[in-house]
Ligand SMILES: Nc1nc2c(ncn2[C@@H]2O[C@@H]3COP(=O)(O)O[C@H]3[C@H]2O)c(=O)[nH]1
């Protein structure tokens, strides 16, 4: 007690002395300083003069005094500045460090160590992260730094076992080894203790510590241990660092612990940022990859299998697996079979894998097949749940036969189901993680890849289906074109000299009904030749074309070959009688357009197609049938030996085809009304011009409608004959509508046939008469059409009046 108070007093006295000597006066070694001391304490005895040598001597022989002084009086920042300055001086000029028991003291070693500058340490960490960007690498570097800073002889780094919670794995710089957890009669090893408590532990051999198992010194040579927890800033355990010194060295001190601690604080931050950096990097890579995958799904439609392999390859590198396989479900046989098996790691750069077709070795085999439910893959396929297996051979579900077959040893497995529309279509398997086991993060990343695998497979299946239906479509088209094309015999029949026609067909009064179908074909060929000659056209193609067109009109009551022919005939008369108003290619389009304008008509109108949701209406929502008629025209032209335009230049061909489309679409009565309004306006304003392309298109469209409705502009007998078949077709549509649960309009209802005359009056008044009036205004030579239409209208009006009178009389009686 007495000694203690003496020491305190002694220290206090000498502190005062030193304080004055160092801080109040200029301190020059070996010089004498005159010094007036003002006493502030009653016990103080101060020498009036003190030399620098004396101070130096004093401090040298009283290191404890110096330490107390520095601890009490020197600011931490000042202390750090000294340390840095000192370490920089030492870097330039190495000094022999002070030794204690033949080795550096902990504190001095820290000062000498280059890592005393923590900035340097952070730089080193960042650099190592760039070289090997893994979290474990940062920890490894950090451990090396601390080991060097506290002058430990070695260290062991333990990482939390991702699968076995609470257990640790020994990290050897590259890989993880074994389960570190050791338990013995309620005791655990040091690292597990530190992991659990997060307390730092300093212990030396021979010291019996009841907290740990006795075999804590795993190597004979290890004499002292300093074990500390490495934490993330969020308080999670990143690792446990176990530093050790040989038995011959001094034990770890509190300072060593503090040094390590200070490094660990910085290291924890570095680790946190490393984590962010890695995450960001990985996310960027992932985004780039997924973008490429999606692009590839839409662009490389044909190579979807390759895409699946690429996806797997990327996933494989992401989870660091040695092998990857894809098994597909064979639902019929309740089996799984390997389509992609044993894909090795591909080391190509992520950006190049999509350019390199031969990027990976792929073994595809159908020989690896096993029942659903067998093995890990079978289990996943059955349950649809992910399996992460740390030790395949210890798992009873593991199917060893595949290993026996391949000679490859499976240790760890990550197996994921692939779903398409809620059902498992296959499983993708990652085998043997290069270090340790597949983690929760691996599972999450892999899950997303399984989704993309599913997407790619789904697309592969869809494209396969499309390819197959394309082939089927081709076959169907071949069959169809065989049956829908004219035969050589048919061509033979109409080949040769055109017979002399006893009638003058160049007139609007011509009755198409009096001729047989073949004769109509002959007339059609004649009209074409008459209009265009045969110098620009191949005769054989023309024969085949006309005969095939004839064949492609269905045997419906009205919209049949007769109708097609009579419309072409009317157009022929318009062209013939209108002089040179239409240009050659326009005539070509008008005539061929008229001949083909109702190809493959089914006797039902556009509204019916829409109402009954026919596939045609799904393809063309407006002018449904007219689009189809044009398509049929093109299809016939494309058949072998049918292209009547083969001698035209490509620009002429394009122009004629585009005009044909315009002409055929114009036969949709829905388009007549706007066309009528436009042309009426032009005529009223007297601004119609044959030099204006739009006006020309307009009059072509009106000419098509006029030809299409020519039955109403024929002599009365022809009109009556035609109306019979028109209404028969209308009634058939009405019947079909009724059968489909729809209510037919009165005109199409066979039970309201007394409406025919009234309907004709309406039709001729509202549509036909305005059409021929307009046509007559622009092409006066079409006057007969207008006249006949007017005649027919008068007939129908009279008939309708009679019917109305009869009805009225009937009602009166
Ligand atoms: N009511 C009535 N409609 C007709 C007559 N002639 C043609 N049509 C209709 O007019 C339409 C013109 O285009 P489509 O040939 O497709 O179908 C035709 C028929 O629906 C007719 O004399 N009377």
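Quick reminder: no glycine exception, Cβ is built from N, Cα and C everywhere.
No curator has checked TrEMBL annotations; they are predicted automatically.
TrEMBL lists 485-803 with the feature domain 'PDEase'. Feature annotation from TrEMBL assigns active site, proton donor to 559. Annotation comment: TrEMBL describes 559, 560, 561, 562, 563, 598, 708, 760 as AMP binding site. The annotation Zn(2+) 1 binding site is assigned in TrEMBL to 563, 597, 598, 708. Residues or ranges marked as Zn(2+) 2 binding site by TrEMBL: 598.
This view paints the features noted in TrEMBL onto the structure.
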| residue | record | Cβ neighbours (10 Å) |
| --- | --- | --- |
| 559 | active site, proton donor | 24 |
| 560 | AMP binding site | 19 |
| 561 | AMP binding site | 22 |
| 562 | AMP binding site | 19 |
| 563 | AMP binding site | 24 |
| 597 | Zn(2+) 1 binding site | 28 |
| 598 | AMP binding site | 26 |
| 708 | AMP binding site | 23 |
| 760 | AMP binding site | 25 |
Exercise for review: Filter the candidate list 561, 562, 597, 708 of binding-site residues, keeping only entries whose CB is under 6 Å from an atom of ligand 1.
Suggested key: 708
**Study point:** Sorted by sequence, non-563, 597, 598, 708 residues with Cβ within 8 Å of centre, Zn(2+) 1
**Key:** 559, 564, 567, 594, 601, 629, 667, 707
Check your understanding: For the AMP binding residues given in the record (559, 560, 561, 562, 563, 598, 708, 760), what is the largest pairwise C-alpha separation in angstrom?
Key -> 23
Point to revise | Rounded mean pLDDT for the residues that make up the domain 'PDEase' (485-803) | key: 96
Study note, to complete from the structure: Taking only the CA atoms, the spacing between residue 560 (AMP binding site) and residue 597 (Zn(2+) 1 binding site), expressed in whole angstrom, is 11
Review point. Cα distance, residue 597 (Zn(2+) 1 binding site) to residue 562 (AMP binding site), nearest Å?
Key: 12
**Study point:** Three-state secondary structure, which DSSP defines for residue 563 (AMP binding site)
**Key:** helix
